[in-house]
Amino acid sequence: MGFLSSLSNLFGMGKKDVNIVVVGLDNSGKTTILNQLKTPETRSQQIVPTVGHVVTNFSTQNLSFHAFDMAGQMKYRSTWESYFHSSQGVIFVLDSSDRVRMELLKDELWLVLDHKDVASRGIPVVILANKMDIPGAMTCADITAALGLNLHRSGTWSIHSTCALTGDGLDKAMQQLSSEIQKYLETRKS
């Protein structure tokens, strides 16, 4: 099987390696989501808050992801932007039950969407409205309105409801991200 994998990679039929940056406020579920995307045998049993960043690898049908899981505490947020220039996609995770920090979420998300290395390159941004299992969580439509996303015209973004603990919604969101990244890579070839 190793020979066939090598042969398919040689002829460009293997999985394409891509870098993504995973950002969001502290306690939004970034690391738990990435843990769900790994194979069952490589998942961590205990999730601890990220300090700085951690690289997590996982694959979809066509892409092999190197995900830079960025810490969400205020003192680390300024480091996010240094990873955008070498990425082909961004995942922004938010806690859909955290109504108190919605204005802060809006500010941070718009900084990402408008960042020169995101907006000018047209890299896709997938927003994961996590913790939808919590009673009183906002819907994607409510979050879109609260964050003013309907006013944001540049770039490619989408929003998806997820639950990191169960994995609900992650397959659909990752299919969307994979599709958008493949489109992005095709436009870069020409």
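Note: Cβ is positioned from N, Cα and C throughout, glycine not excepted.
Taking Cβ-Cβ distances under 8 Å and a sequence separation of 6 or more, the neighbours of Lys131 (GTP binding site) in its chain are Ser28, Gly29, Asp95, Ser96, Ser97, Asp98, Ala137, Cys163, Ala164. Look at Swiss-Prot and you will find 24-31, Thr50, 69-73, 130-133, Ala164 tagged as GTP binding site.
The annotation Mg(2+) binding site is assigned in Swiss-Prot to Thr31, Thr50 on the grounds of similarity to another entry. Thr50 (Mg(2+) binding site) counts 18 other C-beta atoms within 10 Å of its own C-beta, drawing on all protein chains shown. Mapped onto three states, the DSSP output places Thr50 (Mg(2+) binding site) in coil.
The N-myristoyl glycine annotation in Swiss-Prot covers Gly2.
A gap of 10 Å separates the Cα atoms of Asn27 (GTP binding site) and Thr50 (Mg(2+) binding site).
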